[in-house]
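> Quick paste of what Swiss-Prot says about this protein:
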BINDING   K158, Q193, K194, Y195, V196, K197, E198, S199, H200, G201, R202, D203, R219  ATP binding site
BINDING   D264, E277  Mg(2+) 1 binding site
BINDING   D264, E277  Mn(2+) 1 binding site
BINDING   E277, N279  Mn(2+) 2 binding site
BINDING   E277, N279  Mg(2+) 2 binding site
DOMAIN    119-304  domain 'ATP-grasp'
REGION    327-359  region 'Disordered'
Amino acid sequence: MCSSVAAKLWFLTDRRIREDYPQKEILRALKAKCCEEELDFRAVVMDELVLTVEQGNLGLRINGELITAYPQVVVVRVPTPWVQSDSDITVLRHLEKMGCRLMNRPQAILNCVNKFWTFQELAGHGVPLPDTFSYGGHENFAKMIDEAEVLEFPMVVKNTRGHRGKAVFLARDKHHLADLSHLIRHEAPYLFQKYVKESHGRDVRVIVVGGRVVGTMLRCSTDGRMQSNCSLGGVGMMCSLSEQGKQLAIQVSNILGMDVCGIDLLMKDDGSFCVCEANANVGFIAFDKACNLDVAGIIADYAASLLPSGRLTRRMSLLSVVSTASETSEPELGPQANTAVDNMSASSSSVDSDPETTERELLTKLPGGLFNMNQLLANEIKLLVE
């Protein structure tokens, strides 16, 4: 048994995802950290909590147990694509109102739940963003076909609540958009975004913890699709990132109010970057492997540092040093690495009524010529990481 002192740290997650790699690793790291620091620790599942207002005061019960000593810091992992403001966010607001320090805070999570909400928060801060349109309501996709034409074709079409690269399409023309409007699911609105051609099938994932860049990973598609997500078969390797890229990721994290986040950057021909997405519930199984890091351990260290008596550990304080040192040995991202693939073209084929099961057929493919930059890059990454 670990000794207990006044400081309390909780790990709050959702039953639907608690057995996934990131949650299991964070739980392991938090337990180890709390034993090392002799901190009182508890892991809690969202649906175990009962929120109360009694005699004008906020209260909390867990499986019938009245909680009298509240946590000072709560590490939160909730499935952001399905976050419900009337349930999940209500719990997080309740804990925050009781004086708990949440990482991430509920407003920060909401900033990343909807991709267009993310852009709304980032707009006006000088953050480079691809031009993006969206709409109110659920049935206005077809109406947007003409409105979004100024973005030019091909254009990117995304579900505002999509995740892991799903429900993302590259529409070649207005007719393709019209076809999509009849096939996609309309539970959430879609956004229409200017296509960054030179970053097709490639992006940079940056993980930021406590306002510091933990590491950076170049992700590359292996089959010509636009998305480079490792969950869709993409591969990744540790890479260096320019100071401009690092500062951009930190700026995005700060604007969104994030303690832990993953920022996806698209690469431009001139070596600069623009923001693609921000992830409040960032996965890191491929990131850990590619960058030889223990992201969960870094998260646990930062959580402990937020306690009243906490301080940044050596692992956290050395992050920037490690990041700088890696640039001497890892491939650099710059204008040469960002050379555009000029001969991309869109294609379509007959599809079933469910786009998520036939997404592959709707995606733009790179032509099967003798020279396919992304395929070569992906093969090199595989050789380096295997």
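Backbone N, Cα and C define each Cβ position, glycine as well.
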> Taking just the CA atoms, what is the gap between R219 (ATP binding site) and N279 (Mn(2+) 2 binding site) in Å?
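Checking the Cα atoms of R219 (ATP binding site) and N279 (Mn(2+) 2 binding site) gives a distance of 15 Å.
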> Using C-alpha positions only, work out which of the binding-site residues D264, E277, N279 is nearest to K194 (ATP binding site).
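With Cα distances computed to K194 (ATP binding site), the winner among D264, E277, N279 is E277.
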> Could you tally the C-beta atoms, other than its own, that fall within 10 angstroms of the C-beta of V196 (ATP binding site)?
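The Cβ of V196 (ATP binding site) has 19 Cβ neighbours within 10 Å.
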> Find the longest CA to CA distance in the recorded ATP-binding set K158, Q193, K194, Y195, V196, K197, E198, S199, H200, G201, R202, D203, R219; express it in Å as a whole number.
20
> For D264 (Mg(2+) 1 binding site), which of these binding-site residues sit within 10 Å, Cα to Cα: K158, V196, E198, H200, N279?
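So far as Cα distances go, the binding-site residues lying within 10 Å of D264 (Mg(2+) 1 binding site) are N279.
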> Would you mind reading off the Cα separation of R202 (ATP binding site) from N279 (Mn(2+) 2 binding site), to the nearest angstrom?
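Here the two Cα atoms are 17 Å apart.
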> Determine the Cβ neighbour count for E198 (ATP binding site): the number of other Cβ atoms within 10 Å of its Cβ.
17
> Do me a favour and check the Cα-Cα span between N279 (Mn(2+) 2 binding site) and K158 (ATP binding site); whole Å is fine.
15
